Amino acid sequence: MSGNTIGKLFCVTSFGESHGPAIGCIVDGCPPGLVLSAMDIQLELDRRKPGTSRHVTQRHEGDRVEILSGVFDNITTGTPIALLIRNEDQRSKDYSKIMDVFRPGHADYTYWQKYGIRDYRGGGRSSARETAVRVAAGAIAKKWLHERYGIVIRGYMAQLGPIAIPFKNWEVINQNPFFVADDDYVPKLEAFMDALRKSGDSAGARINVIAEGVPVGWGEPVYDRLDADIAYAMMSINAAKGVEIGAGFNSVTQKGTEHSDEITPEGFLSNNAGGILGGISSSQPITVSVAIKPTSSIRLGRRSIDKAGNPVIVETHGRHDPCVGIRATPIVEAMLAIVLMDHALRHRGQNEDVVCTTPKVPGNIINPTNPVTTQPDVRRAEDPEPDENS
């Protein structure tokens, strides 16, 4: 199997299956000198790990990360960083009834047709379990980006099934099990999920993520555009079925006078472009929205076929997320961080010495209530100033 690596200079290669002994990744290209401990990574993993509420899978994995190489005395050495997370709570017998059938909407059928063999236990390589190591790698990228450039990457759930959740403030996002930015909606979401779980069905979600503080100039046209690489990374996430950047599909109904973001010496007047123009970052906040499909493994009977091609009814019993989108926010943040760090290193390698006499337009801070409007650029007191010499 190929296609297990993302990135050109900051490269992440993942390995492992849902019910194997462990999952892990190799992070290659991280510069030396970054202060990094297992706790830096664990903090992000704990946001994603299963079994944290009744609304997600009850598979209880500690997701304790082990740093096997690339770090000495809590400082990155510039050599490959090997990260390992051991699987501790597999229950493979739950999948014995589907070993010879294909779950509708799942990768079972296509993996079987492509490889002629598949690990049916928990979906094997196609399981969302693999995303834990993306979060681990993304934790490294998030820390490096923040320390070198002051970049802040934050996400939140904007919709769960039919329920759209407005943005209220960032502070409550990590204080509720849904990563929503308005905790007044939590009781409504809990009632929706309780009813969904009892029905045996599943639901989708929409995750928004914003990167603030990205300098102007990152991105490699034409085939390695920053927005193209972001979309590629997001669509590699299990269950992702759509990506929008900036105004996204709303651009279809806009006129040019509405969509094009006017520029003033004080900043941009809107952010329909989502912080990217011509595949290159504009210094505006990068805004991304990802659609997560409903979980394929559900208890309700669905028509399918077995390995012999015979019609069957498939019911999936086991510990599954009724909505994988509930735990997707840290994953989406991680993938954006990985792409941005890769492009930061690529830009530094070729264009660090470029001098442009035109003054740089301030990158206004996004207004999360409306992702295409902006606010004055006010850096948070705790954020470091960008280090142009790093």
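The backbone N, Cα and C atoms fix where each Cβ goes, and this holds for glycine too.
According to Swiss-Prot, the features are:
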BINDING   ARG48, ARG54  NADP(+) binding site
BINDING   ARG125, SER126, SER127, ASN238, ALA239, GLY278, LYS293, PRO294, THR295, SER296, SER297, ARG319  FMN binding site
COMPBIAS  366-376  compositional bias 'Polar residues'
REGION    360-390  region 'Disordered'
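Feature map: annotations from Swiss-Prot on the structure.
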| residue | record | DSSP class |
| --- | --- | --- |
| ARG48 | NADP(+) binding site | helix |
| ARG125 | FMN binding site | helix |
| ALA239 | FMN binding site | coil |
| LYS293 | FMN binding site | coil |
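Each of the binding-site residues ARG48, ARG125, LYS293 was scored by the number of other CB atoms within 10 Å of its CB, and the largest score is that of ARG48. Cβ neighbour counts within 10 Å, taken over all protein chains shown, single out SER297 as the most crowded of the binding-site residues SER127, THR295, SER297. The two recorded residues ARG48 (NADP(+) binding site) and LYS293 (FMN binding site) have their Cα atoms spaced 18 Å from each other. Around ALA239 (FMN binding site), the C-beta neighbours below 8 angstroms that are at least 6 residues distant in the chain are ALA128, GLY204, ILE292, LYS293, THR295, VAL324, GLY325, ALA328.
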